[in-house]
Amino acid sequence: MSWDQVWIDVNVATMDPSISAPYGAITNAAIAVKDGKIAWLGPRSELPAFDVLSIPVYRGKGGWITPGLIDAHTHLVFAGNRANEFELRLKGATYEEIARAGGGIISTVNACREADEAELFDLGRQRLNALAKEGVTTVEIKSGYGLDTETELKILRVARELGQHHHVDVKTTFLGAHAVPPEFKDNSDGYVDLIINKMLPAVIAENLADAVDVFCENIAFNLEQTERVLSAAKAAGLQVKLHAEQLSNMGGSELAARLGAKSVDHIEYLDEAGVKALSESGTCAVLLPGAFYFLRETQKPPIDLLRQYGVPMVLASDFNPGSSPICSTLLMLNMGCTLFRLTPEEALAGLTLNAAKALGIEENVGSLVVGKQADFCLWDIATPAQLAYSYGVNPCKDVVKNGKLVHQ
């Protein structure tokens, strides 16, 4: 057989739902890679003969291989920090109170408007490197800290540039409807007009976004405004997604389902009607335990209902300076289990196969199947559950991206 590399002495958590074993596991396995794709995968005893002198062979020492991790919700391109707000919250101020007083997102907006692309790129690269060291091979990056055309484009350009200069694949999302900027404080409809008539066409003209998102909440945009933005995005051929039901239930999830959104994110206040709508539309539910933890929330997402209706559950870091300044997907695995009571298998699916579904890339990544992209990680663990169980010592030993060993 003519392959580019072979991995042996490994166990593989394929996350392939067609394999009935937990995690889609194949023990005592082997993987062969050719032209950036998985060319062979199965028990080591069934591996076809190959020329060991001409093909690199990597030995996993009994460790576990999983698909490369996918962080499907981040805001990692930003300047400044909001440690002062952290102190205010610890003194009793709420997220909404800080936002209504001009803090929150707006303080980061001011920092991003002042920063140039080089500064934003350097900051973003540091954060992307941190995720990559934990086995992340694909990440979604949102804008939303510009709230004017120039800065929104600047953030998206930086996100695209990060993807061009890093082995991690970057999917970009235009989130101009993240908050109402100060200059439109009493005219949110006017700002929505600006998003639809000027920002979105400019984003499309430079091919800067794969999807469009809206923060649908009382402190941001109402249902009518949300639908206007997402309908315009859909008409332009872009995927749509939604921040919804984080602080209240406004029916955003049902709107997302009706529009065929790829995902609805946060969803702490999601009700059964919303869950049913997501199930019927195939929309993913993105769980963000980092924000739940950092904001000290108490309303948990309806995990049992999501299970009951078979809604794909995604885990993501929501890395951002205000509500989840936590640049770690491995910690999300632990938090997803300890805070939301996911099983370790559900948590890992949330950072692999279901995360790929949320980004619309499940045909290429998210599980280990012959013909899919060779994105995978070797972990020094005895069982896949260990990834969610323990935190603090990074067990990621090797990362293969597009068939190339990028971290060892």
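One is the number of the first residue shown, and numbering goes on along the chain from there.
Cβ from N, Cα, C; glycine included.
These figures come from a predicted structure and were not determined experimentally.
The DSSP secondary structure for D318 (Zn(2+) binding site) is coil. What Swiss-Prot lists as Zn(2+) binding site is H73, H75, H243, D318.
When other Cβ atoms within 10 Å of the Cβ of H75 (Zn(2+) binding site) are tallied across all protein chains shown, the result is 26. The annotation Fe(3+) binding site is assigned in Swiss-Prot to H73, H75, H243, D318 on the grounds of sequence analysis.
As annotated by Swiss-Prot, 4-imidazolone-5-propanoate binding site applies to R82, Y145, H178, Q246, S323, with the evidence given as sequence analysis. When other Cβ atoms within 10 Å of the Cβ of Y145 (4-imidazolone-5-propanoate binding site) are tallied across all protein chains shown, the result is 31.
Taking a C-beta cut-off of under 8 angstroms and a sequence separation of 6 or more, G322 (N-formimidoyl-L-glutamate binding site) has the following same-chain neighbours: R82, E85, Y95, G104, I105, T108. Feature annotation from Swiss-Prot assigns N-formimidoyl-L-glutamate binding site to Y145, N320, G322; the stated evidence is sequence analysis.
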Practice item. Compute the C-alpha separation of S323 (4-imidazolone-5-propanoate binding site) from H75 (Zn(2+) binding site), stating it in Å without decimals. Key: 11
Practice item. Look up S323 (4-imidazolone-5-propanoate binding site) in the DSSP assignment and report helix, strand or coil. Key: coil
Review point. Looking at the binding-site residues H75, H178, H243, Q246, which ones sit with their CA no more than 10 Å from the CA of N320 (N-formimidoyl-L-glutamate binding site)?
Key: H75
Check your understanding: Which value in Å gives the longest Cα to Cα span across the 4-imidazolone-5-propanoate site residues R82, Y145, H178, Q246, S323 as recorded?
Key -> 20
